[in-house]
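What Swiss-Prot says about this protein:
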- Cys116, Cys119, Cys207: [4Fe-4S] cluster binding site (BINDING)
- 41-46: motif 'PP-loop motif' (MOTIF)
Amino acid sequence: MASENKYSFNKLQKRIRRDAGKAIQDFGMIEDGDHIMVCLSGGKDSYTLLDTLLYLQKVAPVRFSLVAVNLDQKQPGFPEHVLPAYLNKLGVDYKIVEEDTYSIVKEKIPEGKTTCSLCSRLRRGILYRTAKELKATKIALGHHRDDMIETLFLNMFHGGKLKSMPPKLASDNGEHVVIRPLAYAREKDIEQYSAAMEFPIIPCNLCGSQENLQRKQIKQMLNGWDKQFPGRIESLFTAMQNVVPSHLADSALFDFKAVTADGVADENGDKAFDTDSFTTNFETEDSPVFASNIPIKHLA
């Protein structure tokens, strides 16, 4: 590897590891003694997640164990040997769960329709069961910053909700804690890292399902913004960490009926008849001015 390329790779690797470490710390994702089940699909995100957690396991101030789990859903053409060979080479504890969800999905969903929703529900149930069998205290998923932003817009545009993908949550069955250590990582960084590491990627469309058109459109919109307006994606993600319930319209989050004029001036209060002015110019992390334009609490 040439000197310049090696420097670029080291910088990329350090950024991903730093982002993951910060997310883990900010959201209290990993505790001493945790046994973490890392869901490994064979895609760039889950490979990067496992690689990053293996590194952090060596340097973290707390002790935790890892077990990689892959769900073989018996999709046609699934390369069964790829993940075992990779994990054996790494010396990582792992479990391959074989469940023929492919046949169930094909039976229930008409030809040509998107199967992702049913497939996801089936997969989730199997992974929850597996986590219980392995006595895992946390389930780690490989979703990243861009997934979270895409989900925010999907819910706003198509679900009428201001809701994204949380970095940490209790599972819907109430039995598990799910964490997303790559919550701060950029997809473009993960793509570059995955290519540089030459992970043995397994295609995600072996089932033949049509791509989720709504998510595809959101991704195209965000990619367009990222190119046309550098820093907009960074600003969007920072906004997700600076929610002001009193300035939205959800009465379940803020008691608007209780708002009264108390006669006390507040120099930091909002001016009802003035429009907000914005002076912060968010740039991408590749920009030399990035660090000076992001609130300190969002830096490493």
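In case you wondered, yes, glycine gets a Cβ from its N, Cα and C as well.
On a predicted model such as this, the values are computed, not experimentally measured, just so you know.
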**Message:** Please report the three-state DSSP label of Cys119 ([4Fe-4S] cluster binding site).
**Reply:** helix
**Item:** Remote residues contacting the motif 'PP-loop motif' (41-46) - C-beta distance under 8 A, at least 6 residues beyond either end
**Value:** 70-71, 82-83, 141-144, 182, 190-191, 193-194, 199-202, 204
**Complete:** Cβ density check for Cys119 ([4Fe-4S] cluster binding site), other Cβ within 10 Å (all protein chains) comes to 20
